Amino acid sequence: MGVDIRHNKDRKVRRKEPKSQDIYLRLLVKLYRFLARRTNSTFNQVVLKRLFMSRTNRPPLSLSRMIRKMKLPGRENKTAVVVGTVTDDVRILEVPKLKVCALRVSSRARSRILKAGGKILTFDQLALESPKGRGTVLLSGPRKGREVYRHFGKAPGTPHSHTKPYVRSKGRKFERARGRRASRGYKN
């Protein structure tokens, strides 16, 4: 008698299309599917893969981070490409002239980029301008920037753990005594 093979781990889990039913996103996917197939550029394949991603994997990119990344040597006069949202940052006073391509740009960020003499493209315009992704810099927001990541990692209360505990409130009586001070049991 043969042994049955476990087939539960056979399937490769990855997105082949976006979960969203947004017709405009679907049109972009159609366009970049074509470009990824017909051009030999990795840029189009990466953009296509990112168009499929969930919102948590397409975190917003702040204007300040984009400016910092575009100031690096060799990135002058290049287009910043973000498969996601570009948001404003009030801490930045001077916005340089930028050429940006993004899925969405918040209204304040949009007005500030345009006021500085910059240009904002959509992905279909980018496909016409540089179908192979030449002269572009692909950027993305901080994926681990969400508050929820502070709760992940070594269990809170164990030595050298900086993990944030899920606490009802931040009062004197909550997770402040035992394990936190030597006079109350022990200190981690």
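Placement of Cβ uses the backbone N, Cα and C atoms for every residue, glycine included.
Annotated features, as they stand in Swiss-Prot:
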type	residues	note
COMPBIAS	161-171	compositional bias 'Basic residues'
COMPBIAS	178-188	compositional bias 'Basic residues'
CROSSLNK	K119	SUMO2 cross-link
CROSSLNK	K164	SUMO2 cross-link
MOD_RES	S130	phosphoserine
MOD_RES	T158	phosphothreonine
REGION	150-188	region 'Disordered'
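Swiss-Prot feature annotations superimposed on the structure.
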{"residue": "K119", "record": "SUMO2 cross-link", "Cβ within 10 Å": "13"}
{"residue": "S130", "record": "phosphoserine", "Cβ within 10 Å": "18"}
{"residue": "T158", "record": "phosphothreonine", "Cβ within 10 Å": "11"}
{"residue": "K164", "record": "SUMO2 cross-link", "Cβ within 10 Å": "14"}
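When Cα-Cα distances from the residue listed as 'phosphothreonine' are compared across the recorded positions K119, S130, K164, the shortest belongs to K164. K119 (SUMO2 cross-link) is 41 Å away from K164 (SUMO2 cross-link) when you measure Cα to Cα. Taking only the Cα positions, the spacing between K119 (SUMO2 cross-link) and S130 (phosphoserine) is 15 angstrom.
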